[in-house]
Amino acid sequence: MAELDAELDHIFPSSVLPPSWAKLVVGFVSLVCFARSYDGDFVFDDSEAIVNNKDLRAETPLGDLWHHDFWGSRLSSNTSHKSYRPLTVLTFRINYYLSGGFHPVSFHVVNILLHGGISVLMVDVFSVLFGGLQYTSKGRRLNLAPRSSLLAALLFAVHPVHTECVAGVVGRADLLGALFFLLSFLGYCKAFREHNKEGTHSTFWVLLSILLGALAMLCKEQGITVLGLNAVFDILVIGKLNVLEIVQKVLHKDKSLESIGVLRNGGLLFRMTLLASGGAGVLFVRWRIMGTGPPAFTEVDNPASFAESIFVRAINYNYYYSLNAWLLLCPWWLCFDWSMGCIPLIKSVGDWRVIALAALWICLIGLIRQALCSEDSHRRRILTLGLGFLIIPFLPASNLFFRVGFVVAERVLYLPSAGYCMLLTFGFGTLSKYTKKKKLVAAFVLGILFINTLRCMIRSGDWRSEEQLFRSALSVCPLNAKVHYNVGKNLADKGNQTAAVRYYREAVRLNPKYVHAMNNLGNILKERNELQEAEELLSLAVQIQPDFAAAWMNLGIVQNSLKRFEAAEQSYRTAIKHRRKYPDCYYNLGRLPSLTGEIASKLFQRDACLSSF
């Protein structure tokens, strides 16, 4: 791909940076982008995955990590999220041990360093994707596309959509998954070093890449998709398969199809069998570990997946894809959560938003056409690999194979963004080839790098505290009830009940079935002695979600304040029915004047016993 690389000479002259210096520059820039988040707090999901996760503490046996989900719940539980990432949790536990407790700085520093290391690895990955595999006589791989790989790696390092993964501690799952993903890909490439005879491979490196893919999956589920990318790379780059040529010969029943070497290549078939068998085996073990099947999500998590009409589901899924593409193209409007009404459903083709998904497919079809039909084999290969890196890691989040628990999530774009950066670099090289205003192209590229770096710094500041993070989402997703709920909760924790009530009311208005907002609002109204409205809200909450133990207990407290002792007793007992280990509820039940002294004494003893754990 020397031609594309030469077209980027006006941006990065070949004499400027040797390979080691190029990696140092990429690593340094990646650290600068997100350094601002190093002393941030634990925010949003960090509380449940880290602070409240007993798997991080020394008293929890290490073996339990292999039977628990990412949040510390048993995988066999019906309430488990089924997110199985034991290696990520293990790194959290090591962080906790080395830092002597829940000190967020050490957790954040590890995330920043991981992103730096991944960005450096991207230089090697892009050099393979752009320049192919060629080795010296000593078995050392040559970088035939130094400028292309440097630009693509810089674009990846400074992409603002990565902020959630880097600045949010739970994003480490995506970072570790990406790290092993890239190591698996580079390991697969090592199976074809030049000292091997043409058409042969190192089975050891193929098996090692499968093992690294399994490790990637133990960090984040989408890591296993590296096996699919390895297969595509093998077929297109190692096997030099021309998909269009084969399709044409099949359609015309051309007998020369049998002469295509790649179809008679036993080595390729053996490697594909290894990849398929390894992937199937890993997925089977993963499914068995899940125990009770896939997790159960609610309509507020992913409303399109609950739509009765197949047409509505399909059109909204495609709209979600277009939003993900827009986040890669213009990562300015970023939000910690895109659920709960943030993106209203498209219910007819008359909705103007269908223009977005039409634009997406026009672009994709154009790229696929070039990837298949271009007479330039290098162009075909780069576009196909770029699309592969963009699409394959995104498949687990696409809703195509199973329902996912989100609408749009910036974290799942961490790996696919590498494919986008590759395609963007190819576009810059092509633009330079056909324009005389090369300095203008150079200024545009450098401008994008600068703006994205600035945006990373700004967004990293948003992730430093929950207050900044939640408030930053108000302008991006004003229809998201969860955003208003989290702003209200943050205000309530700081003692600003008046403002908290306002945001809780807005959350309930946006989502009339938002039981957690009702419960918190009812609590504040109870403390302000507005008991009638508090009882109405809490009664509605338990009516919507009958197993909501906290709301039942709070309802009992309100009923007790209203001197309705029998109703309060019933509410307390219902709360205990749904949550056996509930010391606060036993204590409140024991204080009811309607209970005898002996019964109350037993309840207080039960409370003391549970509180000691």
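Cβ from N, Cα, C; glycine included.
Record features, source TrEMBL:
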type	residues	note
TRANSMEM	112-132	transmembrane segment
TRANSMEM	169-189	transmembrane segment
TRANSMEM	201-218	transmembrane segment
TRANSMEM	224-247	transmembrane segment
TRANSMEM	268-289	transmembrane segment
DOMAIN	293-365	domain 'DUF1736'
TRANSMEM	319-340	transmembrane segment
TRANSMEM	352-370	transmembrane segment
TRANSMEM	382-402	transmembrane segment
TRANSMEM	414-434	transmembrane segment
TRANSMEM	440-458	transmembrane segment
REPEAT	481-514	repeat 'TPR'
REPEAT	515-548	repeat 'TPR'
REPEAT	549-582	repeat 'TPR'
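Below 8 angstroms of C-beta separation, residues 44, 300, 335, 337, 339-342, 466-467, 470-471, 473-474, 520-521, 524-525, 527-528, 537, 544 of the same chain, each at least six residues beyond the ends of the repeat 'TPR' (481-514), sit close to that stretch.
Remark: the transmembrane segment (169-189) contacts the transmembrane segment (414-434), by the rule of 3 or more CB pairs under 8 A. The stretches the transmembrane segment (382-402) and the transmembrane segment (201-218) do not meet in space: the count of Cβ pairs below 8 angstroms, excluding pairs fewer than 6 apart in sequence, stays at fewer than three. For the transmembrane segment (112-132), the residues of the chain that approach it from at least six positions outside its boundaries are 1, 4-5, 19, 22-23, 26-27, 29-31, 34-35, 37-38, 141-146, 148-150, 152-153, 156-157, 162, 165-166, 172, 175-176, 178-179, 182-183, 185-186, 189, 237, 381-382, 385-386, 389, 418, 421-422, 425, judged by C-beta separation under 8 angstroms. Long-range contacts of the transmembrane segment (268-289) within the same chain, counting only residues at least 6 positions beyond its ends with a Cβ under 8 Å from a Cβ of the stretch, are 75, 84, 191, 201, 203, 206-207, 210, 213-214, 217, 224, 227-228, 230-231, 234-235, 238-239, 262.
Between the transmembrane segment (319-340) and the stretches 201-218, 224-247, 414-434, the greatest number of Cβ pairs separated by less than 8 Å involves 414-434. The average pLDDT computed for the repeat 'TPR' (481-514) is 94. Helix, strand and coil content of the repeat 'TPR' (481-514), in residues and according to DSSP, is 27 helix, 0 strand, 7 coil. When Cβ-Cβ distances below 8 Å are used as the criterion, the transmembrane segment (201-218) is approached by residues 84-88, 176-181, 183-185, 187-188, 190-193, 224, 226-227, 230, 267, 271, 274-275, 278-279, 282, 286 of the same chain, each at least six residues removed from its ends.
Counting only same-chain residues 6+ beyond the ends of the repeat 'TPR' (515-548), those with a CB under 8 A from a CB of the stretch are 481, 484-485, 488-489, 492, 497, 500-501, 504-505, 507-508, 554-555, 557-559, 561-562, 574, 578.
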